[in-house]
């Protein structure tokens, strides 16, 4: 077999092998291996991290101090000064675990525990904060919505419990407001005060200080307290379903919003996502505090610690314009403007949520107070997501809690209030994986990069070999075969020559015949 043919056959075989293995088999092998690893089956590494996150999340709180409370009582816009951060470690775990292998599901209750943390710029919590009293404002706004005829009773109760206050504002330390509790004096004897206090004593989020007094805080009741029960798919049978919520609080869908679509649980609880999500799918996660699933959308690509990742961002949408979000409107005829959501139907309290500093919200909210400076870097929601394994490598989830201010002539301390939305505080839940957790990802991508480079080099080599073999083959085929000419001497065996040429026609015996 000629050399060019041998080269061509060898290169063709090599080309087929590299196409089959490098471009088809190896990617499928990696994909299959990753899918087999990303599940919540008992004993899996992912489940261990899902059940108890092996590191603390950075939890920061920023509070808004109202610097002109008495002016606000007269109708002026609130002037705000941001105070913070107040820093905490947040440890996440799941408790009371149970599994159903036939359904490929697991059950759990989430539990978040907060510990005070120190760090650059972190405040100790002793700072005094002036803000609208959440209970006074909350009680009045709730009664106005649900039982407006009882407003005079509430007015008397406020005077009784809070000692005839001259404003809706209170001043307390940051730690008392956030965790330790602001005391509510419920040892009153009048009918209105006792009626309201009897309701407050049944509220699960208020701490009983003693027989009469209660204490209110924003985050204290949730600290180290198991939440309601989840039922999620483990992803053993189908990796694309890993972590997907099937039930929450023993319900297959919510009973909060007016449409079936908005009452659906979409996505996971935010601590695990399926591998190989497409950009178009987004990152869907259910937030129990909002009674809503939020979907972070793809917005670009970048690198984190050398790992290629996607950038996802999220907002609260615009219920006033988006048809799919009309279900979140407080009433069919009343929708909040862009970037704002009312939690009254969800939590039973008139609290509005937005992004910090009203970022990505209607401009009227920003102009309704003084002192805000919304910007993407500090106030947006951003997730850096590694799509192969389905893991966030860096994230900043931010949310601001607000309460509406509305004038009400039936209550003296509400009579001249401005009509605006007042920010109370905002939180940031952050995570950034260190080298301990990114190294396995970097090793995986290093192997994939080496294989990618090698397969292209081998393929180019094979194509080059085929080209060289073809050149050699056709070059040989075009050459002419020339036979060399040798001088012939006369024979010495009696053969005659005529005219100097050898006569091959007659031998000596033939001549003798004549």
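Note that Cβ sites are derived from N, Cα and C of the backbone, with glycine treated the same way.
The annotation topological domain 'Cytoplasmic' is assigned in Swiss-Prot to 1-6 (among others) on the grounds of sequence analysis.
Summarising the annotation, Swiss-Prot assigns transmembrane segment to 7-27 (among others).
Per-residue pLDDT, averaged along the topological domain 'Extracellular' (28-452), amounts to 94 for this model. Residues or ranges marked as topological domain 'Extracellular' by Swiss-Prot: 28-452.
Per Swiss-Prot, N-linked glycosylation site is recorded for 65 (among others), and the stated evidence type is sequence analysis. Every protein chain shown contributes to the tally, and the Cβ of residue 65 (N-linked glycosylation site) ends up with 19 other Cβ atoms within 10 Å. DSSP assigns residue 65 (N-linked glycosylation site) to a strand in the three-state reduction.
The C-beta environment of residue 262 (disulfide bond), restricted to residues of the same chain at least 6 apart in sequence and closer than 8 Å, consists of 254, 292, 327, 328. According to Swiss-Prot, the feature disulfide bond maps to 262-327 (among others).
DSSP assigns residue 346 (disulfide bond) to a helix in the three-state reduction. Same-chain residues at least 6 positions away in sequence with a Cβ under 8 Å from that of residue 346 (disulfide bond) are, in sequence order, 256, 289, 290, 291, 292. Among the features that Swiss-Prot reports, disulfide bond is placed at 291-346 (among others), with the record citing similarity to another entry.
DSSP classifies residue 329 (disulfide bond) as coil under the three-state reduction. Sequence-distant contacts (6 or more apart, same chain, Cβ under 8 Å) of residue 329 (disulfide bond) comprise 319, 320, 335, 336. According to Swiss-Prot, the disulfide bond annotation covers 329-335 (among others), on the basis of similarity to another entry.
Within the same chain, no residue at least 6 positions away from residue 434 (N-linked glycosylation site) has a Cβ under 8 Å from its Cβ. The N-linked glycosylation site feature in Swiss-Prot is assigned to 434 (among others); the stated evidence is sequence analysis.
Annotated transmembrane segment per Swiss-Prot: 453-473 (among others), in sequence order.
Annotation source Swiss-Prot lists topological domain 'Cytoplasmic' at 474-514 (among others).
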